Amino acid sequence: MSNQRSTSRDEDLLLQDFSRNVTTKSRALFSGNAAVVSAIPLWLFWRIHQMDFSSYFIHFILGTIVSTYFLNLAYQNMKFILKHKIAQKREEAVNREISKIFASDKSANKKDKDDRVLTRKNEVADFEATTFSIFYNNTFYLVCLLVLSFFVLKNFSPTVNYLFSVALSTAMVFLFSTGQK
Amino acid sequence: MFSKTALILLAFISVAYSQTDDEESFLFVTKQTVNRFIVQGKELTIKYGLYNSGPTTVFNVNLNDVHSYPSKYYELLVGTLNPKWERINAGTNLTHVVVLKPKESGISNSSHAIVTYQKSEKNTEVQRTYSSEIGDVYIMTGREYDRRFSSHVIDWILFTAMASPCIVFPFFLWFNSKRKYELLASKDKTTKKAQ
């Protein structure tokens, strides 16, 4: 009975490890971040390109929604790819960490310890992959957007400038996140 | 026969003399703008130059450019669009400056200014001449001017302040975790080596 329970628990852990699905908390974090990062440049467009909200609000809303959606996907893609790489790297360190904790506890068996290591490794890899993915994608997106909007498309009309810079930088971030192996 | 040729010769000489404009002067008038850009709601400076190129003085010079800048579209700030001068001496020139403020944006055409003057004090016959024209100019809106030219330093600083948490915070979290585990891994490697 307990054997079956622990096997299904192993399977769950494995599934969780290899699944692309993110937890609700992760999803909320990603969505929130994507929305914030998509909304910040609007301020820049308003102040510097003199695009007032009343005449451009449709463009702004559309652009923000599109970039939020694709940024979200980019975060998830990059996190998934990074998680496995990081998990491999951190295996040894996590092992040591758990061993230290278990050194004082004599009653724990190897199985529990291994479970604990696996869970902890997952947690750490998840955390690091999430934070790095957010950091990297945010930076990439903002840099692309700034370069496109203020250097490449500088002399175009504000509408063209906004739509193209948001579309192109979103596309670049998204494609880059899917391209890595 | 001889008198006829003399007469003809005299006629030729007088015509030739009159064509060298010995006794009359002409006024040349230029009209130009000093601005590089013409912006709605910002000052526009128009400079009129009147040049008396001939040997005699001209009198009662009157420049009229009211028709180029109707008060509906331009506000007059400095100067008058209808100045008068009593005389302009031979070989001298003068400039007249008018400062306007365009009220509307778009393409605007300002035509020639009309200058009238008398060639002599006694002869009241008025000679009319036209200035050069500026032609079609594009008056840009204040917003467009701000967009292109103002420095926006404060805007950039505020943007950097808003965007940095999104970048710095995740980086900080990731970096801390990474350092902690790499330290753990490297410490164990060194203790292993020592063993």
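We count from 1, first residue shown onward.
Even glycines carry a Cβ here, placed using N, Cα and C.
TrEMBL labels come from automatic prediction, so no person has curated them.
If you look up TrEMBL, you'll see A:28-48, A:54-75, A:134-153, A:159-177 marked as transmembrane segment.
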(message) Six or more residues beyond either end and a Cβ under 8 Å away: which residues meet both conditions relative to the transmembrane segment (A:159-177)?
(response) 41, 45, 49, 51, 56, 59-60, 63, 66-67, 70-71, 73-75, 77-78, 81, 137, 140-141, 144-145, 148-149, 152-153
(message) Within the same chain, where does the transmembrane segment (A:54-75) have neighbours whose Cβ lies under 8 angstroms from its own Cβ atoms, ignoring anything closer than 6 residues to its ends? I mean 6 or more beyond.
(response) 30-31, 33-35, 37-39, 42, 45, 130, 133-134, 137, 141, 158-159, 162-163, 166-167, 169-171, 173-174, 176-178
(request) Mind checking which residues of the chain, 6+ beyond the ends of the transmembrane segment (A:134-153), have their Cβ under 8 Å from one of its Cβ atoms? (result) 29-30, 33, 37, 40-41, 44-45, 48-49, 67, 71, 74-75, 78, 160-162, 164-166, 168-170, 172-173, 176-177
